[in-house]
Amino acid sequence: MSFLTVSRLAPKLLNSKNATYFLVAARNASASSTNLKDVLADLIPKEQTRIKNFKQQYGKTNIGQITVDMVYGGMRGMKGLVYETSVLDPEEGIRFRGYSIPECQKLLPKAPGGEEPLPEGLFWLLVTGQVPTEEQVNWVSKEWAKRAALPSHVVTMLDNFPTNLHPMSQFSAAITALNSESSFARAYSEGVHKSKYWEFIYEDSMDLIAKLPCIAAKIYRNLYREGSSIGAIDSNLDWSHNFTNMLGYSEPQFTELMRLYLTIHSDHEGGNVSAHTSHLVGSALSDPYLSFSAAMNGLAGPLHGLANQEVLVWLTALQKELGGEVSDERMRDYIWNTLKSGRVVPGYGHAVLRKTDPRYTCQREFALKHLPNDPMFKLVAQLYKIVPNVLLEQGRAKNPWPNVDAHSGVLLQYYGMTEMNYYTVLFGVSRALGVLAQLVWSRALGFPLERPKSMSSDGLMTLVGAKSG
């Protein structure tokens, strides 16, 4: 049985008497090397063979139907691409290589004295399908610390941006400028064989992930801390701890929150705008810097990465209108008035999920433990009790439950990060873990240029036998 097979089976067996055997087998199988690239080099040929055999046997098999509504409706529900690192189940929520968020919180290594999973461990899981050892996670931390320094032209660029340029515009531009450092772009121009593409994509991805906290912290300091220095990377600290230090936050609980935040926002299967964008642009053999920069331009859109800001704006308006302690009845009336005015309750509902987002749940658990009496958290908790029932009564929502954005902004505000325009940059730093892990596998498996067929409305009408008049 291959390791990836063991990894896929293990989560399903967590409640069985064989669970311990499979998890120990998974841990032992992954313990052979602390070098992530070496582990990948062992896994890739086996996965290439498995996918090749699958395509040969089932390549012509029909996997679904496409309706006119799907074509006009943003391709919702259309099975159209392969994305290995995570799968979103409408009832269960996200699974990272088969593992749920609670399972990741339990199984992934933590920092000394910490309780939240280290994002380095999640990245190892996303890339390999393996639950890493502490030694492997420490290797990733030190590897990213070693690769973190920014080239001088990117520092100069960031220092010369006007202060009215949005943080996400600065973030995307700086990532694009890092393209000057691309190992893949150089190797491709020198005629490297396509079987080696993944190796250079891996190197670029590791470099980029390592540098993102430095870029993000530099933007934060320039915009909100009078251009003060981000300081130096400490190779003895984990990725999140270095990030919070560079941002200027020393509260250990905030570092723990950042570890949780960067873990749970990392990936949400391949159809969302940022993941699909990186997949699409990468299919043109654009290097990881160009692919990820494009993804960040998608994330900056109000329908994708700005939702937690909208939640905070709505909560602040609610507080201003209703005051401090609010009765459930007044809250219920306010929600109904929001809906009757044609607006939505931000932070509730999801394009795919049909239950409470597990990313919301783990943030709620963090808040219950660390800030149970915070007025804004109490307001969020009260909404959780009331909003779903109101939405069910209204009868329009397919999913009346809260999503990840209903909670994240409140936690960041509590620890003093009140600059809402910056929140999407944090989202972007996290999302790199998932989309770049997938980008490595896309090149390893030889995925081709993405080129779907488009149709005009007249063409669709002709296809289905409808009159165009």
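Using N, Cα and C of the backbone, Cβ positions are placed for all residues, glycine too.
Annotated features, as they stand in Swiss-Prot:
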type     : residues               : note
ACT_SITE : His304                 : active site
ACT_SITE : His350                 : active site
ACT_SITE : Asp405                 : active site
BINDING  : Arg359, Arg431, Arg451 : oxaloacetate binding site
TRANSIT  : 1-30                   : transit peptide
Report summary line: Looking only at the active-site residues His304, His350, Asp405, Arg359 (oxaloacetate binding site) has its closest CA neighbour at Asp405
Query raised in the report: Any idea of the Cα spread of the oxaloacetate site, Arg359, Arg431, Arg451, as a max distance in Å?
Result: 33
Report task. Provide, as an integer number of angstrom, the distance between the C-alpha atoms of His350 (active site) and Asp405 (active site). Result -> 10
**Report entry** Tertiary neighbours of Arg431 (oxaloacetate binding site) (same chain, Cβ under 8 Å, six or more apart)
**Finding:** His265, Ser266, Asp267, Ser274, Ala275, Ala295, Leu299
Requested in this report: Quick one: among the recorded positions His304, His350, Arg451, which has the most Cβ atoms sitting within 10 Å of its own Cβ?
Outcome: His350
Report summary line: The number of other Cβ atoms within 10 Å of the Cβ of Arg359 (oxaloacetate binding site), counted over all protein chains shown, is 25
Report task. Would you count the other C-beta atoms found within 10 angstroms of the C-beta of Asp405 (active site) for me? Result -> 25
Query raised in the report: If you run the three-state DSSP split on His304 (active site), which class comes out?
Result: coil
Query - C-alpha spacing of His304 (active site) relative to Asp405 (active site), in angstrom - result: 10
Query raised in the report: Roughly how many Å separate the Cα of His304 (active site) from that of Arg451 (oxaloacetate binding site), to the nearest whole number?
Result: 23
